[in-house]
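Chemist: Look at Swiss-Prot and you will find C456 tagged as active site, cysteine persulfide intermediate, backed by sequence analysis. If you look up Swiss-Prot, you'll see L183, I184, K265, G287, Q296 marked as ATP binding site. Taken from Swiss-Prot, the feature disulfide bond covers C344-C456, and the record attributes it to sequence analysis. Feature annotation from Swiss-Prot assigns domain 'THUMP' to 61-165. Here Swiss-Prot flags 404-482 as domain 'Rhodanese'.
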Amino acid sequence: MKFIIKLFPEITIKSQSVRLRFIKILTGNIRNVLKHYDETLAVVRHWDNIEVRAKDENQRLAIRDALTRIPGIHHILEVEDVPFTDMHDIFEKALAQYREQLEGKTFCVRVKRRGKHEFSSIEVERYVGGGLNQHIESARVKLTNPDVTVHLEVEDDRLLLIKGRYEGIGGFPIGTQEDVLSLISGGFDSSVSSYMLMRRGCRVHYCFFNLGGAAHEIGVRQVAHYLWNRFGSSHRVRFVAINFEPVVGEILEKVDDGQMGVVLKRMMVRAASKVAERYGVQALVTGEALGQVSSQTLTNLRLIDNVSDTLILRPLISYDKEHIINLARQIGTEDFARTMPEYCGVISKSPTVKAIKAKIEAEEENFDFSILDKVVEEANNVDIREIAQQTQQEVVEVETVSGFGANDVILDIRSVDEQDDKPLKVEGVDVVSLPFYKLSTKFGDLDQSKTWLLWCERGVMSRLQALYLREQGFANVKVYRP
């Protein structure tokens, strides 16, 4: 099988040296992502496209899906590469490929040609289109808005029969821009802002301020791992967790009620800037949107920015909530955000929307900054790829089984789309489907006399969810890894 990768248009208008660098980086990213599916896979770069050739036909859908999620790709063409002799040979091959697809439909033919030939692209379009129209009685030519567009590419003595076109996410290849550190909470805003910077070519690391214990951190880990695995797995990234409960306690004790929200955000920026400096990261990313909450007015945002020289990027600054939720739905983080445990460690009864710098600084003089330094020093930093291994250690009390007993039921916790694409069928045991994002609200409705064996394809999500359910008091859960 063969795929032709078309570049994001902004790459094609770069200077020659920059364009070549971007293409080289994108080629490496594609190799890094796809090597998990087929080790014999070949990735070949050209000036205006990248070829992906693979032998394992069983991995076709997985490879195609992975390509649509790699930043830098505008669209993917799934093609059949065959030799041809003349224009009539092109027609015959097109007829064999498209006959069933064109029956009862309107169509047009579009041809791209490279190399020296005795015919032009328009001549091929007319010849092939006329032939298809004659040989398929129920088909009809329609040059504008047809039901089916027959795409053909002619390159020297090769014909590319385009079997399908699939849109990519566009943007720049990860690694073409510098690293950023996303302040992730697991909600709608921070997950979307992280995605937007990945799509723009940045390697996104994650910094999480834990205000609510292990369950909260587990939820945020799931979101960060999902974003990385889905859009950024070509690169290694860090997940840094900072226990911010001591900082919150100090703020509650020492800071005036109305100033708490701004002071908390300033402390988070200070801490994140220290982490960024430690790892050579150039900018912070937040999901703040103008006017969404009291701390996100222009006055307050300016005061928050003042505590650090590190650049703070806010890709959602002009977005409304509905737009952000729609983007979260598109990238697959909406369900995470809706079920994320929320912890409001600092709740002001009358938060200021126009903080005064002198007042904020006066309140912060009462704060013991050694507490902030200590929590940053003790921050837990892991390679995001190790989240699965670390989770396995943390859920050592949750048994992992490869078989099942008479009272066991397998619980498939994959997303609905994954379940539809690859339904799980195991002989000798019942299989129940309940997507991971519904476990927190729906698991209690299941038959608690049964032992539930949580299963997902890679085992990461099942272990995380098993730990979460254990913390909620459910002892009848195990992890199923056949």
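The backbone N, Cα and C atoms fix where each Cβ goes, glycine too.
Worth saying up front: this structure is predicted, and the values here are computed from it rather than measured.
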Chemist: Taking the Cα atoms as reference points, how far is I184 (ATP binding site) from C456 (active site, cysteine persulfide intermediate) in Å?
Modeler: 24
Chemist: Enumerate same-chain residues with a sequence separation of six or more from K265 (ATP binding site) and a Cβ-Cβ distance below 8 A; give 'none' if the list is empty.
Modeler: S295, N300, I304
Chemist: Do me a favour and check the Cα-Cα span between L183 (ATP binding site) and the residue listed as 'active site, cysteine persulfide intermediate'; whole Å is fine.
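Modeler: One finds 28 Å between the Cα atoms of these residues.
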Chemist: Would you identify which of the binding-site residues L183, I184 has the most other C-beta atoms lying within 10 angstroms of its C-beta?
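Modeler: That would be I184, with the most Cβ atoms nearby.
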Chemist: What counts of helix, strand and coil residues does DSSP assign across the domain 'THUMP' (61-165)?
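Modeler: Tallied per class, the domain 'THUMP' (61-165) gives 38 helix, 38 strand, 29 coil.
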Chemist: By Cβ count within 10 Å, point out the most packed of the binding-site residues listed: G287, Q296.
Modeler: G287
Chemist: Which residues in the same chain, at least 6 apart in sequence, have a Cβ under 8 Å from the Cβ of the residue listed as 'active site, cysteine persulfide intermediate'?
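Modeler: Sequence-distant Cβ neighbours: D412, I413, R414, F436, S462.
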Chemist: Would you mind giving the whole-number mean pLDDT across the domain 'THUMP' (61-165)?
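Modeler: Averaged over the domain 'THUMP' (61-165), the predicted model reaches a pLDDT of 93.
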